[in-house]
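*Asks:* First the structure, then my questions, so here it is.
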Amino acid sequence: MDTVQKWLKKPLTSIVISIVLGFVVGAVVLSVAGYNPLEAYAAMFRGIFSKPKYMAQVVIKSTPLILTGLSVAFAFKTGLFNIGAEGQYIIGSVAAVLVGAKLSLPPVLHFLAVVLAAMVAAGLWGCFAGFLKAKFGINEVITCIMLNWIALYFNNFMIQMPWLKKPGAEASYEVQRSAWSMVLGNYKATEEGRQALLANPTLADVVLKTDLNYGILFAILAALLVWFVLNRTCKGFELRSVGFNSDAARFAGINVNRNIMHSMFIAGALAGLAGALQMTGVMPHRISMLAAQEGYGFDGISVALIANSSPIGCIFSGLLFGGLKYGGSAIQSTTGAPSEVINIVIGTIVFFIAMSTMFRVLADKLAKRGGKRHASHTDSGN
């Protein structure tokens, strides 16, 4: 009994149970709709793991989700709700295209300039929400929602600029090849490179038929760096202290307002990094007119919740989210079942994770019941 109680109280337990329940609910929905859930899930997993290029596509799709999830998780850890990751992602994308398309630099330097510009621009965008909260007490959720829409229309405004708009298209000029982060991007563009890659079917399948890029390495590095900052540095201690109890932190001499702005800057920079890597690593390497939010920032909220706001956990939850999104498309093409069932699965997972306290309450009830039984046995023995 003690083992069960300890297991139920572990954060990982609620995540695993929530994922299982998500698939169970999805199976029930499929069954009610007249589809075989086993066939549907089998099709989904084949759409993820059956070919190397499918797995590469999952990694590509997961990279921005890991980073926007990391952005939200970092803010959660410091007591803030960064619902503005969507707008910060857009601002990062715009800054990346401006530097990537209009500035000419050597290859590696150009890529680094694009990343730096995107992170600084998105960081300042997030910091503005932090400034309004720190100085005027304006809730960051309200501010970030407004900034998301401002970012969307700013994106559309910039595309209309004659010096940025590509003639005949509702999009900007592409990021120059010198700023690309695609794996073997320059090599596979040559005839010699293509022929060499075609000699290896696996490499050809992954490198030539997908937009595989180095973004996943940056996402993993960012997650490790965020974990280190939060758990192994004085600055991380200050940020977490403000998140746990701002009044106690202020009493201890910590500058609460400054740390709120720093936290939102870092969160924004992480979302901006996602935008930069998307522009440099995924075709068509440009921004387009947006009629609605793209969803990377909002999906990042789900990624952060599934990861229980753990920076390292965001890597795995981002891959899970990306895999479900990409593999879900195979459900409809193979079995005819609507791919929207994956959104039901994801929503259910997030729902049960949000109710994770339920598992701790269950563990406490088991402990009380075990204590009562032990007491009754003791009384009967006396």
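Every residue, even glycine, has its Cβ placed from backbone N, Cα and C.
Sharing the features that TrEMBL gives for it:
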TRANSMEM  12-34  transmembrane segment
TRANSMEM  54-76  transmembrane segment
TRANSMEM  88-105  transmembrane segment
TRANSMEM  111-132  transmembrane segment
TRANSMEM  141-159  transmembrane segment
TRANSMEM  212-230  transmembrane segment
TRANSMEM  296-321  transmembrane segment
TRANSMEM  341-363  transmembrane segment
*Asks:* Counting Cβ pairs closer than 8 Å, which of 12-34, 88-105, 141-159, 296-321 has the most of them with the transmembrane segment (212-230)?
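*Replies:* Most contacts with the transmembrane segment (212-230): 296-321.
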*Asks:* Between the stretches 12-34, 88-105, 111-132, 141-159, which wins on the count of C-beta pairs under 8 angstroms to the transmembrane segment (296-321)?
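*Replies:* Selected stretch: 12-34, with the most Cβ pairs under 8 Å.
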*Asks:* What residues elsewhere in the chain lie close to the transmembrane segment (141-159), defined as a C-beta under 8 angstroms and at least 6 residues from its ends?
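*Replies:* For the transmembrane segment (141-159), the nonlocal Cβ contacts are 81-84, 86-88, 90-91, 93-94, 98, 125, 128-129, 132-133, 165, 170-172, 287-290, 292-293, 297.
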*Asks:* For the transmembrane segment (12-34), what are the same-chain contacts with Cβ under 8 Å, counting residues 6+ beyond its ends?
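*Replies:* Those are 40-41, 306-308, 313, 320, 337-338, 341-342, 344-353, 356, 359, in sequence order.
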